[in-house]
Amino acid sequence: MYTQNQYILLFFVYGLAFFSMGIAALLQNTSEESSFPLLKSIHYLGYFGIIHGITEWIIMVRFTRIYSQYNNNLLVLGTFTNGLSFVFLWIFGAKLLQKKGKVKILIKGLPWFLFGMWFVGFFVSYSIYQTTSLHWIFVEDIMSRYFIGLPAALISAFALNKNAKAMENLNLNSVAMKLNGMAFLFGLYAFFAGAIVDNKSFFPSTILNKIFFLRTFGFPVELGRAFAAVGITILFVGVIKIFKWEIDKKIERLSKQQIVSQERRKLGQELHDVIIQNLFATGLHVENLIEIETRPEHRENLDYIKTNLNEAITQIRQFIGKVSSHAVEIEDLKLKLTKLINNFENTCNIPIELRYNVPEITLGSLSHEKITEMYYIIQEALSNAIKHANANQITVDIRTTLNTVVAVVKDNGTGFNEEKVPNRNHYGLISMKERASRINGLLGIESNEKGTMISVTIPWEESENV
């Protein structure tokens, strides 16, 4: 049997864990600028942590009996703050899911509705019984755990697991592991804090309750809750380091872009001030020779030289325009693909869906050449799907990692055997492979009777320079 002092220590650690997590969460000044959904919804987790931590300390104070004359009042207060904390945990999970439309309204609005219904019962019961009877308080506590706490923790666990998969796609495996750990612990917490309650003579509390848990596992459920809380907090502290990493990554990317831009402008200026001016002076000298030259064959040769000089000046100016400008952003590719897809849909009547999943933190820059080659690879893949695949649905998926841009064109057509493709159609595949090779990209082709998937993976400019 656990002693009173052990329970006091247990509730102190339990409350301290969640309270610390709450403070850490609220100190993150993320607003809506972060690329990570976790950091956009983190303040709601902070509210949960602080309120729930205070709740456990209220219970701790009751065990100390320092204010024994207010023990019942503290129980009422703790029951209310406990229910309120679950609302913020629910909102955290709902916001983290990033649902839209009616689903978003339902998920985010439902906890407040349930809390409002629960609070009406809480207020009415308090008005009738106040602290003369404690039965109603335990019933209200059970209701808040069943209908708010349990779904709140489960929603948060599911949302964290979903975000962990998103981190894996960005090659942030360490963060993904921590998020999966938090998801698992929130799942445990849902069981410990939402399903294991006091036995108050109604189902399912008559079967699944604190006494049953203690007899079955040999330790109080509060210890399980504390264990989950400490684990969640430790993992959370590791996860929020990603915010500083995100800022550092953005600064690093901007610094690299600025250095590259300065070098390109310097090269362009040198070409303009030295090479073009020399060519221009040579052109003027040739014009003077043309004016004084009387022999037709020599004038013809001089005209040819003058034309070549003018073409050289034009080409150098075009080159300066390319190298002096900033590298093309991935958004430019999105705009071009949107126009391309609209044109294809208008002519072939096949629905083509563009999926654009590019978190800001992964944004790099692409050269004009890479943008152009990637665009033509996607165009060729779409053209092949429309002409030869007999598909009625095509998707173009653009996604990014920290080091690469990935484009995937997928259809639900008849597929093909690459080795048996006719020569007239084989040129398109060869062209795509050559284009990918020219920009240090990787082309993948998968095809069967269920459809074809063509992918091209291209490194960011910054990744190639590292």
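Note: Cβ is positioned from N, Cα and C throughout, glycine not excepted.
The transmembrane segment feature in TrEMBL is assigned to 6-27 (among others).
Annotation source TrEMBL lists transmembrane segment at 47-68 (among others).
According to TrEMBL, the feature transmembrane segment maps to 74-97 (among others).
According to TrEMBL, the feature transmembrane segment maps to 109-130 (among others).
What TrEMBL records for 142-160 (among others) is transmembrane segment. Remote same-chain partners of the transmembrane segment (142-160), defined as residues 6 or more beyond its termini with a Cβ less than 8 Å from a stretch Cβ, comprise 38, 45, 79, 82-83, 86-87, 89-90, 92-94, 96-97, 107, 111, 114-115, 118, 121, 179-180, 182-184, 186-187, 189-190, 193-195, 197-198, 200, 205.
Residues annotated as transmembrane segment in TrEMBL: 181-203 (among others). For the transmembrane segment (181-203), the residues of the chain that approach it from at least six positions outside its boundaries are 135, 138-139, 141-142, 145-146, 149-154, 156-158, 160-161, 164, 209-213, 221, 224-225, 227-229, 231-232, 235-236, 239, judged by C-beta separation under 8 angstroms.
If one looks beyond the transmembrane segment (223-243) by at least 6 residues along the same chain, the residues whose Cβ comes under 8 Å of a Cβ in the stretch are 10-11, 13-14, 17-18, 20-21, 24-25, 28, 30, 34, 36, 38-39, 42, 45, 49, 172, 175, 178-179, 181-182, 185-186, 188-189, 192-193, 196, 213, 217. Per TrEMBL, the feature transmembrane segment maps to 223-243 (among others).
Among the features that TrEMBL reports, domain 'Histidine kinase' is placed at 266-462.
Restricting the average to the domain 'Histidine kinase' (266-462) gives a pLDDT of 80.
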